[in-house]
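Listed in Swiss-Prot:
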- Asp173: active site, nucleophile (ACT_SITE)
- Tyr285: active site, proton donor (ACT_SITE)
- His340: active site, proton acceptor (ACT_SITE)
- 21-41: transmembrane segment (TRANSMEM)
Amino acid sequence: MQLYLSRLLLIVTRTALRVTGVFFWVLVYVAALLAAVSYIPDALRLLTRGPLSAFRWGPRKAAPACLTSSAHGQHGYIRMKDSGIRFHYVASGDKRNPLMLLLHGFPENWYSWRYQLDEFSNGYRTVAIDLRGFGGSDAPSRLEDYKMEILLQDLQDLIRGLGYSRCVLVGHDWGGTLAWTFAVRHRDMVTHLIVMNAPHPSAFHDYVLSHPSQLFSSRYVFLFQLPLIPEILLSLRDFEHIKKPLTDATHGIQNVECKLSKEEVEAFVYYPSQKGALTPPLNYYRNLFGFFPVKAQDVLVPTLLLWGEHDAFLEAAMVPEMQQYVRAPFRAEIIPNASHWLQQDRPQEVNKIIRDFLKEDFLVHRN
């Protein structure tokens, strides 16, 4: 079944990228329905374990202590002048130090960066934000409020609002996608780019069209285009599909010493459990195809790419494809025995590589 669906998805995706307009979106939704079919066995598994209990979920009444603690930095809010959006962040380090801006992925929040907030606050003003629609930040209800251009404008406004003109930009997963794109569009605002388990958009576009296995692994992107169904699937059996990717043996954190405690798992369930809170993060994906077709976009700032070898969502084999899109000093490291959740899985190794990278002297000639 996997092989059959992979081939069908590949045919539909390749065709969609050759057309425009209404037909393009028809094909996207055909792919979404194919993806939904692939998740039917998983949904049935959850239902057969107890049909009534599968549909029992509700908002957590209180955030876990680790999510509100100041152990990793001070919590703050900043409101953007133009958009009016209020962002929640956790910051550590002297405000006179250079800014290191940390961008999380899906379905996460600032807490993903706790190890980096601790590590780099002695030399940087480290700021881990909750992206628009996530965590404690505002979550506009309209689909169009999550278009790429708006998300990039958020980053511009955040950097300036925090009192800086440039930053070390660090992103993981969706935060990595934003970081790649921001570094292309606003290179003068980025001194160093550090990306974890997120492909350059152009490289991913090329890779996925020639690797059906990756297309199948990424089929959730198509599933998330559908209304309501993803929200229901992610909520089933008390948000099992949020917990499981973080914790199980195949998808979750591999390092025994860094396995999430029950309280830490709740740090990633608390916000999605609130009424209507899953839709804004899913709207990132629902706007993704408006970003296609992807054109070749070169990064012109020193770039570090880190990848967990055992990423169950994004194949490590695509890492060599990234270098062609970076016309600046580039370093790529695949971390053995590490999952998609790299900065939480192997924090000591990740932090050392980042620190060594930031110590290097780069002479970059800007065009």
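Each residue, glycine too, has its Cβ placed from N, Cα and C.
Residues 1-2, 5, 8-9, 12-13, 15, 216, 219-223, 225-226, 229, 233, 289 of the same chain lie 6+ residues outside the transmembrane segment (21-41) yet bring a C-beta within less than 8 angstroms of a C-beta in it. For the pair formed by His340 (active site, proton acceptor) and Asp173 (active site, nucleophile), distance between Cα atoms is given as 8 Å, rounded to the nearest Å. Cα separation, Tyr285 (active site, proton donor) to Asp173 (active site, nucleophile), rounded: 12 Å. In the three-state DSSP scheme, Tyr285 (active site, proton donor) is classed as helix. Under DSSP, the residue listed as 'active site, proton acceptor' is assigned to coil, being neither helix nor strand in the three-state scheme.
The Cβ of Asp173 (active site, nucleophile) lies under 8 Å from the Cβ of His104, Gly105, Phe106, Glu108, Met196, Asn197, Ala198, His340, each on the same chain and at least six residues away in sequence. Other C-beta atoms found within 10 angstroms of the C-beta of the residue listed as 'active site, proton donor' number 18, with every protein chain shown included. In this structure, the residue listed as 'active site, nucleophile' belongs to neither helix nor strand by DSSP; it is coil.
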